[in-house]
Amino acid sequence: MKLLEEFIQEKGTVLPGNVLKVDAFLNHQIDPVLMQAMGNEFAKRFQDLGITKIVTIESSGIAPAVFAGLALSVPVVFARKKKSVTLTDNLFTSTVYSYTKKESNDISVSKQFLTADDTILVIDDFLANGQAALGLLEIAEHAGAKVAGIGIVIEKSFQQGRELLNKTGIPVYSLARIASLENEEILFLEEE
């Protein structure tokens, strides 16, 4: 998606350890025009798959997921990283490792919001090692829900995440695919 690639080039910063900082439009401040365009692109790609819900992880996956949900007219469910007094039992849970935070988190979704009747689209902000998406797939499996597709905002194609997700047989679509972050230069793969 050219618009997203332009935002990444103009406003993204490469940090040590192959970390891409996109706080200016996705991970801290949100650009709603870009989010709407991304949501529409995800909807266009997955519109014929019978999606009944979109599932993501708090917090940076929420904005693109909501705009995709709006475009597809379906609810969005986000996995919580921390339990609260209102989210304590009747949960589907998985443990995921965060590449950027270098820590594991238990993520949870209430059984009330995900069932075997659902056909879901997983949306995540980044694909690096694939652990977040795999955790959401595990939650869907616990619920008996069908995962029809995985939408990724930014994929670091030089890491193993895509390879792991491809092994699931579920269609994966990334809006921007990064080939390299070497020498603080952002190089993209061609669009899918």
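Using the three backbone atoms N, Cα and C, a Cβ is placed for every residue, glycine included.
The shown structure was predicted, so the numbers you read here are calculated from the model rather than taken from an experiment.
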Worksheet item: Per Swiss-Prot, which one of Lys146, Lys156 shares the xanthine site with Leu20, Asn27?
Response: Lys156
Practice prompt. Would you mind reading off the Cα separation of Ala128 (5-phospho-alpha-D-ribose 1-diphosphate binding site) from Leu20 (xanthine binding site), to the nearest angstrom?
Written response: 11
Worksheet item: Counting Cβ atoms within 10 Å across all protein chains shown, which of the binding-site residues Leu20, Ala132 comes out on top?
Response: Ala132
Response to the item:
Given the xanthine site Leu20, Asn27, Lys156, its other Cβ neighbours within 8 Å of the Cβ centroid, in chain order, are Gly12, Val19, Lys21, Val22, Thr100, Asp125, Phe126, Ala128, Ile154, Ile178
Worksheet item: Of the binding-site residues Asn129, Gly130, Gln131, Ala132, which sits closest to Asn27 (xanthine binding site) by Cα distance?
Response: Ala132
Worksheet item: Just the number: how many Å between the Cα atoms of Ala132 (5-phospho-alpha-D-ribose 1-diphosphate binding site) and Lys156 (xanthine binding site)?
Response: 14
